[in-house]
Amino acid sequence: MAGIKVFGHPASTATRRVLIALHEKNLDFEFVHIELKDGEHKKEPFIFRNPFGKVPAFEDGDFKLFESRAITQYIAHFYSDKGNQLVSLGSKDIAGIAMGIEIESHEFDPVGSKLVWEQVLKPLYGMTTDKTVVEEEEAKLAKVLDVYEHRLGESKYLASDKFTLVDLHTIPVIQYLLGTPTKKLFDERPHVSAWVADITSRPSAKKVL
């Protein structure tokens, strides 16, 4: 077996999502740096691993995957006997985790990623942050966080009282937003604030910074 390989960029939120899952499972892996600024993700040999030209790509021996949330689910299930449990096998828990992943991927991440782009990445590229876009996206994020605040008033984490993939998937975007004025949206909601402090302090999360 060739072992686990992750092809990605350390600053990519999608790549970090996979790395956090691997660290939660205490798994050894090889990280292959794909330089985004040089367009390596749009060329061979990376395109062979992900025809859509997005990081990360993943290999576990002969098994190949792309799309970060598919990769984390594979890691959580295939290595269920390793490290920390990130999923549950109960029917209702499975459904709850699936719902949480859908909400994160369709409601939280698109908005959060736009805010990261405007406030973190654009300045790095010498571009100007569009304050109007930031205001619009913060209003959208506030609505998502209101849903999270209600949910976290009922359980310690988003899917249950245990840390799962639902929580893990939010960490990379949150890590970036904590260094921006958008942090106020987390701080204004007590349950969300406590949850953010909890999940971002996990050893696995600290290892990707």
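The backbone N, Cα and C atoms fix where each Cβ goes, and this holds for glycine too.
Taken residue by residue with DSSP, V55 (glutathione binding site) is part of neither helix nor strand, so it is coil. Long-range Cβ proximity for V55 (glutathione binding site), meaning a same-chain Cβ under 8 A and a gap of 6 or more residues, is found for F7, G8, H9, S12, A14, T15, I34, L36, H41, F46. Per Swiss-Prot, the feature glutathione binding site maps to S12, T13, H41, K42, K54, V55, E67, S68; the stated evidence is similarity to another entry.
Assigned with DSSP, the residues of the domain 'GST N-terminal' (2-83) fall into helix, strand and coil as follows: 33 helix, 17 strand, 32 coil. Here Swiss-Prot flags 2-83 as domain 'GST N-terminal', drawing on sequence analysis.
The annotation domain 'GST C-terminal' is assigned in Swiss-Prot to 90-209 on the grounds of sequence analysis. Counting residues per DSSP class in helix, strand and coil order gives 89 helix, 0 strand, 31 coil for the domain 'GST C-terminal' (90-209).
Per-residue pLDDT, averaged along the domain 'GST N-terminal' (2-83), amounts to 96 for this model. Between the candidate binding-site residues, H41, K42, K54, the densest Cβ environment within 10 Å is the one around H41. The Cβ of E67 (glutathione binding site) lies under 8 Å from the Cβ of no residue that is in the same chain and 6 or more residues away along the sequence. Around T13 (glutathione binding site), taking its Cβ as the centre, 21 other Cβ atoms fall within 10 Å, counting all chains.
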